[in-house]
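Working notes, beginning with the structure itself.
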Amino acid sequence: MSEKLYPVLAEAKRNTLIDNATYLEWYQESVSDPDSFWAKHGRRIDWFKPFTKVKNTDFNGDVSIKWYEDGVTNVSYNCIDRHLKSRGDQVAIIWEGDNPYIDKKITYRELHENVCRLANVLKKHGVKKGDRVTIYLPMIPEAAYAMLACARIGAVHSVVFAGFSPEALAGRIVDCESTFVITADEGVRGGKPVPLKENTDTAIDIAAKQYVMVNKVLTVRRTGGKVSWGPGRDLWYHQEVASVEPTCDPEPMNAEDPLFILYTSGSTGKPKGVLHTTGGYLVYASMTHQYVFDYHDGDIYWCTADVGWVTGHSYIVYGPLANGATTLMFEGVPNFPDQGRFWEVVDKHHVNIFYTAPTAIRALMGAGDEFVTRSSRSTLRLLGSVGEPINPEAWEWYYNVVGDQRSPIVDTWWQTETGGILITPLPGATDLKPGSATRPFFGIKPELVDNEGAVIEGAVDGNLCIIDSWPGQMRTLYGDHKRFIEAYFSTYKGKYFTGDGCRRDEDGYYWITGRVDDVLNISGHRLGTAEIESALVSHHSVSEAAVVGYPHPIKGQGIYCYVTLMTGEAVQDEDALRKELTQHVRKEIGPIATPDKIQFSPGLPKTRSGKIMRRILRKIAEDEFGALGDTSTLADPGVVDDLIENRQNKK
């Protein structure tokens with residue numbers, strides 16, 4: 001745990017929306033009188049019919065979560081129409097293509113026309129309120145148009161990340177019984193084509209065998225690549241939008257009408273369809289976007305996520321657009337054409353707020369500072385981190401090298417299930433500690449419990465629960481409320497269990513230690529894998545590390561470390577470096593954390609969103625690599641063969 005403290009920067013203090021006194025006052029009100037607090041902030045969005053009820057939630061029994069339940073609104077209206085009078089000609093979306101020479105700016109007025117036309121296409125082909133529409137698109141403006149067009153007519157969108165396999169896509173089509181799919185001929189990532197239409201055709205065949213029939217496929221022409229065509233089923237996007245009216249009235253939606261389903265991996269079985277609804281979700285996404293990122297009118301805001309993940313839903317599309325912001329959508333990858341791409345985009349579009357994942361930060365740190373320092377980055381005012389705990393070494397590099405020590409970092413903790421950020425610093429209010437998500441956002445009541453469910457106070461390690469609802473919370477798992485209760489409310493009765501381990505320090509700051517299934521029990525001691533990974537990465541030779549447990553005859557679990565070295569770091573003597581790293585970890589954490597196995601690897605198995613697939617690493621560490629399951633979602637499946645070949649635990 002980093003002992004360093006970075007006080008709020010003087011510049012941030014002067015200009016931010018929330019200072020520490022305001023944070024403490026608002027937070028107190030939000031937890032002592034949530035009805036009054038959320039009634040006030042619920043009015044940040046426009047309502048066709050104002051709500052009179054605010055909070056109606058119960059984490060016990062059948063678990064029921066309702067916010068603003070008698071209010072009527074529309075998400076698309078809030079993200080577009082209400083801005084037209086005052087900012088119709090302001091840029092809503094900056095699109096930066098995979099190719100660094102291609103970009104596009106879309107104003108709010110243009111966004112309105114594009115969304116209305118697509119909404120009319122959906123209606124023309126029989127899509128109605130409540131129908132599920134699957135969106136399988138790359139990071140192109142049409143992905144945002146598709147989400148907003150669904151919201152406009154009351155259809156429920158299910159966005160499937162364009163890196164997912166046909167099998168994964170089919171599973172998601174079948175689960176929500178979607179009959180309309182929006183895709184592209186191909187996607188482009190790092191200069192390489194991705195066969196989206198072909199994948200869609202395969203997925204539709206798989207779904208048909210499970211008696212779910214897709215009637216229409218609307219295809220965006222992104223590359224002009226050759227695609228197969230099903231007459232009567234397949235439609236070209238450009239032809240369809242040209243054939244309809246450019247205006248479409250937004251459908252009045254009850255606050256608790258579904259907005260979207262987004263599938264997230266369960267620790268067991270098939271993916272879970274997380275369901276978010278209309279009113280509370282938008283209030284929470286827009287409020288967190290404004291205060292966490294200290295968004296001011298005129299800021300250029302860039303979240304590097306993909307719309308296929310919840311971060312893209314809440315912090316590329318819905319939160320920023322509800323706030324009338326200019327949001328940047330990036331089609332490419334951080335290392336194409338080279339490792340300086342992020343910072344070139346920052347300079348090119350004068351980005352003020354930059355939000356990315358620790359995995360990207362660590363990869364770019366491993367490539368060397370010169371890719372960063374050759375850019376100016378003078379417009380950057382705020383940096384953000386999302387997706388997993390950020391190790392202090394990567395935090396320091398991000399702060400010192402990328403941010404030139406003048407941009408606060410908001411290290412945000414949240415989940416697909418939470419709809420928006422739950423624990424985070426606020427740039428003008430929170431002193432920072434590298435690696436800590438710091439304090440709860442307004443209305444969030446974290447609690448740490450031990451394995452028996454007893455509440456533990458003070459500076460302790462425990463299981464992170466949230467004991468009361470907030471407007472952005474998921475309402476259920478689509479079609480499976482029983483599984484929803486079992487997954488989130490049965491482990492600790494009456495509490496939402498996050499599945500994450502957490503440490504609270506003497507200052508009341510929260511440190512996420514990783515998924516509870518990523519917590520090792522070494523000779524009866526709890527150790528978070530994130531902590532050991534952080535120790536390894538603090539060594540000058542190490543770019544990235546992943547740690548898993550494996551069965552150990554004496555200690556119960558042993559510590560197995562996968563280590564990727566810095567670019568250009570050649571290992572003369574593997575055994576000597578293993579000893580050095582082992583000593584380094586002992587020094588950083590203590591003898592209890594001594595690694596049992598260290599395997600050097602050119603890369604780690606990651607999904608295309610940058611998440612490390614720990615399930616695969618655990619299987620290899622256990623020498624059980626015969627049943628690795630679906631590896632089709634990996635960015636580079638070839639990494640797995642190297643890991644198996646060089647495993648340290650061969651029986």
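Just so you know, glycine gets a Cβ as well, placed from its N, Cα and C.
Feature annotation from Swiss-Prot assigns CoA binding site to Arg189, Gly190, Gly191, Lys192, Thr311, Asn335, Ser523, Arg586. Annotation source Swiss-Prot lists ATP binding site at Gly387, Glu388, Pro389, Asp411, Thr412, Trp413, Trp414, Gln415, Thr416, Asp500, Arg515, Arg526, citing sequence analysis. Under the heading Mg(2+) binding site, Swiss-Prot lists Val537, His539, Val542. Swiss-Prot lists Lys611 with the feature N6-acetyllysine.
Under the DSSP three-state reduction, Thr416 (ATP binding site) is assigned to helix. Taking the Cα of Gly387 (ATP binding site) as the reference point, the closest of the binding-site residues Arg189, Val537, His539 is Val537. In the three-state DSSP assignment, the secondary structure recorded for Thr311 (CoA binding site) is helix. Residues Val537, His539, Val542 make up the record's Mg(2+) site, and a Cβ search at 8 Å around their centroid adds Glu393, Ala535, Leu536, Ser538, His540, Ser541, Ser543, Ala545, Val563, Leu581, His584 from the same chain.
Most other Cβ atoms within 10 A: among the binding-site residues Val537, Val542, that distinction falls to Val542. Listed binding-site residues: Thr412, Thr416. The one with the lowest count of other Cβ atoms within 10 Å of its Cβ is Thr416. The Cα atom of Arg586 (CoA binding site) lies nearest to that of Val537, taking the recorded positions Arg515, Val537, Val542, Lys611 as the candidates.
Arg586 (CoA binding site): 15 other CB atoms within 10 A of its CB, across all protein chains. With Val537 (Mg(2+) binding site) as the anchor, the candidate recorded positions are Arg189, Gly190, Arg515, Lys611, and the one with the nearest CA is Lys611. The C-beta environment of Thr311 (CoA binding site), restricted to residues of the same chain at least 6 apart in sequence and closer than 8 Å, consists of Cys303, Ala305, Tyr355, Val386, Gly387.
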